[in-house]
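All remarks here apply to the structure that follows.
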Amino acid sequence: MRVDSSADPTMSQEQGPGSSTPPSSPTLLDALLQNLYDFGGTEGETEQKKIIKKRENKKRDVMASAALAAEPSPLPGSLIRGQRKSASSFFKELREERHCAPSGTPTGPEILAAAVPPSSLKNNREQVEVVEFHSNKKRKLTPDHNKNTKQANPSVLERDVDTQEFNLEKARLEVHRFGITGYGKGKERILEQERAIMLGAKPPKKSYVNYKVLQEQIKEKKAAKEEEKRLAQETDIFKKKKRKGQEDRKSKKKSAPSILSNGRIGQVGKFKNGTLILSPVDIKKINSSRVAK
């Protein structure tokens, strides 16, 4: 695409050597915008080319802003000349890039990687957290003072328990000894013997008896038990007979109804108009009381 020098006032001003009055800045900006519209208004462009152009324009804007920020502020007299040179160089770059198309557009991550300075990466590396792992084996190698104290404490506790048990045993034996004194002399000796065996003394040997003598002793014991049972039965029979006689007498007394069953003292039946009226129940009571006497 060709750019007319007549349409661009900046180009005409640069070509004309005898131009005495430089144009104002608003007219220069208007001319730049017209050239941009003419340059980007070609027909038959595909959507892909439009996207590529947009990306290129964005990159150029970013680069231009960065260059302007980096450059020192120029003097007020040299502003117009700098604007003219930047406009002419801008159009030249556009033409060159138009003729030789770019091989590939850089992607987003590449642009970000280029924009990020290396100092920030170093800071990120320094901010990485460091985690230390301590194994349990190393801890076991170091002597534990707490364990030694724990091992010493159980021995003290065992001693305390032993003393407590000893005191309880002693108290139990004292109570047992005091209880033995309450019995007679004959039984007291037997209980003392049992107490000595309980404390650890050897029991006395059993007396050996002949087999025939032992059988006779067993028979005598059986006979004594049978006699006791027979006497107990006889006494029970005698007591039962007495109880039966007493119960019979009580039952007879209960069966004989009393004349004073109505609760009135010396009165039988009911008085009505000066006459005593006896019911058949009252007559039966009177007859039964006479028979009982």
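Heads up, the Cβ atoms here are built off N, Cα and C, so glycines get one too.
These numbers come from a predicted model, not from an experiment.
Of the residues S78, S135, S207, Swiss-Prot records the annotation phosphoserine for S78. Swiss-Prot marks one residue of S25, S279 with the annotation phosphoserine, and that residue is S279.
For the residues T107, T163, T181, T275, Swiss-Prot attaches the annotation phosphothreonine to T163, which does not rule out the feature elsewhere. Taking K85, K185, K221, K270 one by one, Swiss-Prot attaches N6-acetyllysine to K185. According to Swiss-Prot, the listed position annotated as phosphoserine out of S86, S155, S289 is S86. Around the Cβ of K185 (N6-acetyllysine), 6 further Cβ atoms fall within 10 Å across all displayed protein chains. Rounded to a whole number, the distance between the Cα atoms of S86 (phosphoserine) and K185 (N6-acetyllysine) is 140 Å. Taking a C-beta cut-off of under 8 angstroms and a sequence separation of 6 or more, S279 (phosphoserine) has the following same-chain neighbours: G269.
Packing around S86 (phosphoserine) is summarised by its Cβ count: 15 other Cβ atoms lie within 10 angstroms of its Cβ, all protein chains included.
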